[in-house]
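Feature list (source: TrEMBL):
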DOMAIN    7-238  domain 'NAD-dependent epimerase/dehydratase'
BINDING   11-17, 106-109, 141, 164-167, 180  NADP(+) binding site
SITE      108  site 'Important for catalytic activity'
SITE      110  site 'Important for catalytic activity'
ACT_SITE  137  active site, proton donor/acceptor
BINDING   188, 203, 210, 270  substrate binding site
Ligand SMILES: NC(=O)C1=CN([C@@H]2O[C@H](COP(=O)(O)OP(=O)(O)OC[C@H]3O[C@@H](n4cnc5c(N)ncnc54)[C@H](OP(=O)(O)O)[C@@H]3O)[C@@H](O)[C@H]2O)C=CC1
Ligand SMILES: C[C@H]1O[C@H](OP(=O)(O)OP(=O)(O)OC[C@H]2O[C@@H](n3cnc4c(=O)[nH]c(N)nc43)[C@H](O)[C@@H]2O)[C@@H](O)[C@@H](O)C1=O
């Protein structure tokens, strides 16, 4: 990508899109194209068609999606399927029609079977049954991978797919019910500290394990792969290390400085027992994360304090 290349970042106000935007700006890219969802509703075929015909971007980072934690995924099942299929189909098809040089589609680690062997290798895709709480979202993401591959096969498009692990960072969503675990716990421990509450409830049993990557590290990886990777299929992006939700809660408690107790709310779902990425393909491409979990939580907590 030369520094004047016209690059569209779909979802530039979100956690990931804003991190990719910052990275490209820091690298000296000046021709960045963005639209909010109010300006272009990416679910709308006509709006997306008109946008691509007007702007003719050369590169696309597809980081716009309907996103949320385990309860949001399980509650808004129709929206997670419809919105994501529409957004990604409209963008991928119009990228093809308008001769986009290269597109990166962002999926998620939830595309892998619920009980797949760990760590999750790229070739475990479609080898088993999905986790029910996020099946609609995962089905949409799998369709996105297959769409990139089909457009590569039939039309020769250089469309690549990356699968990030669970993410957190600046501009995260701190909604009490709809967010992912890390922002949810940052907020809950912070509010409990402010209100001198004696205990904080953690959803589920605390035993599931998750892997966490700071969004700015993800943006570095996306930028790196956009320049160096041109293959069909998918590439995992993660750290290759995971932690139980209980230990994560203890770490967030420490960073926030909360001194009360932790309890577990068994009425909430655990989801997949474990989702550890095999990152050997990513490492062999020459990229590795730099921000470790405690440092990242400290950065995210200071961002939370500025905004809430
Ligand atoms: N967060 C995570 O833990 C993970 C995220 N991912 C993937 O990374 C990508 C980005 O996620 P993240 O940054 O966390 O999500 P956010 O919710 O922070 O951002 C999503 C962005 O998508 C845009 N968007 C949503 N619906 C529409 C629409 N109908 N029309 C136009 N724009 C729309 C929003 O734009 P606007 O602000 O203008 O409304 C928003 O900025 C997604 O593909 C997600 O699946 C993958 C793994 C984990
Ligand atoms: C990124 C990924 O995100 C979603 O999957 P998930 O990994 O299960 O994500 P999560 O962050 O919401 O939960 C992780 C774990 O943490 C526990 N947990 C404890 N306490 C809270 C809590 O307060 N909030 C939340 N959300 N979870 C909590 C929770 O019960 C679960 O065991 C997918 O739907 C899918 O969208 C996807 O791809």
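Each Cβ is built from the backbone N, Cα and C atoms, and glycine gets one as well.
Annotations in TrEMBL come from automatic prediction, not curation.
Structure coloured by features recorded in TrEMBL.
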{"residue": "11", "record": "NADP(+) binding site", "contacts (Cβ under 8 Å, 6+ apart)": "17, 62, 63, 64, 65"}
{"residue": "14", "record": "NADP(+) binding site", "contacts (Cβ under 8 Å, 6+ apart)": "63, 64, 67, 171"}
{"residue": "108", "record": "NADP(+) binding site", "contacts (Cβ under 8 Å, 6+ apart)": "137, 138, 141, 163, 164"}
{"residue": "110", "record": "site 'Important for catalytic activity'", "contacts (Cβ under 8 Å, 6+ apart)": "130, 131, 134, 137, 138, 141, 272, 275"}
{"residue": "167", "record": "NADP(+) binding site", "contacts (Cβ under 8 Å, 6+ apart)": "15, 16, 180, 212, 213, 214, 215, 218"}
{"residue": "210", "record": "substrate binding site", "contacts (Cβ under 8 Å, 6+ apart)": "165, 166, 181, 242, 243, 245, 248, 274, 275"}
{"residue": "270", "record": "substrate binding site", "contacts (Cβ under 8 Å, 6+ apart)": "204, 205, 207, 208"}
Packing count at residue 203 (substrate binding site) (other Cβ atoms within 10 Å of its Cβ): 23
Whole-number mean of pLDDT values that fall within the domain 'NAD-dependent epimerase/dehydratase' (7-238): 98
In the chain carrying residue 188 (substrate binding site), residues 6 or more apart in sequence that have Cβ under 8 angstroms from it: 176, 200, 201
Candidates near ligand 1 among the recorded positions 110, 164, 210, judged by a Cβ under 6 angstroms: 164
Contacting recorded positions, sequence order - 11, 110, 137, 270 vs ligand 2, Cβ under 6 Å: 110, 137, 270
DSSP three-state assignment for residue 188 (substrate binding site): helix
Local Cβ density at residue 17 (NADP(+) binding site) - other Cβ atoms counted within 10 Å: 23
Conformational class of residue 14 (NADP(+) binding site) under the three-state DSSP mapping: coil
